[in-house]
Amino acid sequence: MELIFLGTSAGVPTRTRNMTSILLNLQQPTVSQMWLFDCGEGTQHQFLRTEFHPGKLNKIFITHLHGDHLFGLPGLLCSRSMQGNTLPLTIYGPKGLKTFVETALQLSGSWTDYPLTIEEIGPGELFDDGHFRVTAYPLNHPVECYGYRIEEHDKPGTLNAAALKADGISPGPLFQQLKQGLTVTLEDGRMIDGSHYLGPATPGKTLAIFGDTAPCEGALALARDVDLMVHEATLEDAMAEKANSRGHSTALQAAALAKEAGATKLVITHVSSRYDAEGCRRLLEESRSCFANCELAEDFKVISL
Ligand SMILES: [Zn+2]
Ligand SMILES: [Zn+2]
């Protein structure tokens with residue numbers, strides 16, 4: 001799977017950074033899914049500068065209703081419809097999201113031609129579709145705000161076709177069931193346990209995508225042992241008091257959390273527009289001084305895992 005950063009600025013856009021939006025391309029062989037996390041103004045324009053298309057989105061997760069995470073949503077939803085896309089779309093987010101979207105569509109005389117579901121969420125598991133489990137964790141911000149933990153189920157190992165053939169089992173429709181580790185009965189009455197013919201399972205990936213937050217208790221559980229943690233780093237540590245009083249974190253605080261949670265990799269994003277390229281390098285250095293495997297997100301940066 002891969003993450004594509006479509007916007008990495010806090011509050012307002014800059015010439016090089018649009019406001020927050022992250023695309024998660026799950027790249028599954030069996031389930032083609034594309035998810036979006038937050039949708040700042042101009043996100044649909046950012047899509048145009050990638051190989052991806054909003055028509056392929058199945059799910060959008062909104063962390064909170066601040067404009068820099070939300071104002072791109074009505075435009076993206078309408079364009080997605082005008083372009084004739086019919087794939088159903090579900091949007092998850094805090095209370096008020098339904099009113100916001102429905103009011104924007106209704107007052108502007110807009111609609112969607114595809115099935116649109118808006119689910120207002122609370123803390124806890126949002127769904128487990130057999131491939132992925134997504135859980136929302138409350139964060140510390142002036143408005144209701146969530147971080148999302150995405151846990152991929154382990155993938156079964158590959159089927160050893162040569163061993164099956166050696167045992168006189170020839171390829172056929174039953175192989176699909178054997179691949180899932182199921183037991184099947186052959187025409188000659190033999191019972192074959194697929195799990196005996198599978199290689200080792202591949203552990204699923206785990207990600208934590210934070211919304212805006214000051215350091216908070218729930219953050220540790222959200223980020224525990226993840227392969228990738230995406231966290232805001234609005235300000236530098238010299239401005240920790242200001243950052244925290246407004247419900248934000250510093251680059252160093254994000255790194256300290258990644259370290260404590262045992263994350264493998266950290267990407268910091270949502271940086272204040274006060275930082276130019278040099279300032280951003282400083283934020284990254286600050287973070288790396290505590291947690292070495294850290295990158296600073298740039299618009300259109302791709303992180304594979
Ligand atoms: Zn923000
Ligand atoms: Zn915010």
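Each residue, glycine too, has its Cβ placed from N, Cα and C.
As recorded in TrEMBL:
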ACT_SITE  Asp68  active site, proton acceptor
BINDING   His64, His66, His141, Asp212  Zn(2+) 1 binding site
BINDING   Asp68, His69, Asp212, His270  Zn(2+) 2 binding site
For this session: Find, among the binding-site residues listed as His64, His66, His69, His141, His270, the one whose Cβ has the highest number of other Cβ atoms within 10 Å in the structure shown.
Result: His270
Exercise. Quick one: Cα separation, His270 (Zn(2+) 2 binding site) versus the residue listed as 'active site, proton acceptor', in Å?
Worked result: 10
For this session: Going by DSSP, give the three-state secondary structure for Asp68 (active site, proton acceptor).
Result: helix
Exercise. Out of Asp68, Asp212, which has the highest number of nearby Cβ atoms, where nearby means within 10 Å of its Cβ, if these are the recorded positions?
Worked result: Asp212
Exercise. Is any of His64, Asp68, His141 (recorded positions) within Cβ reach of ligand 1, i.e. under 6 A, and which?
Worked result: Asp68
Problem set entry | Zn(2+) 2 site, defined by Asp68, His69, Asp212, His270: further same-chain residues with Cβ within 8 Å of the Cβ centre | Ala10, Gly11, Met19, Thr20, Asp38, Gly40, Thr63, His64, His66, Gly211, Glu232
Seminar exercise, completed: Students should find that the Cα atoms of the residue listed as 'active site, proton acceptor' and Asp212 (Zn(2+) 1 binding site) sit apart, in Å rounded to an integer, by 11
For this session: Between Asp212 (Zn(2+) 1 binding site) and His69 (Zn(2+) 2 binding site), find the distance joining the two CA atoms and give it rounded to the nearest Å.
Result: 9
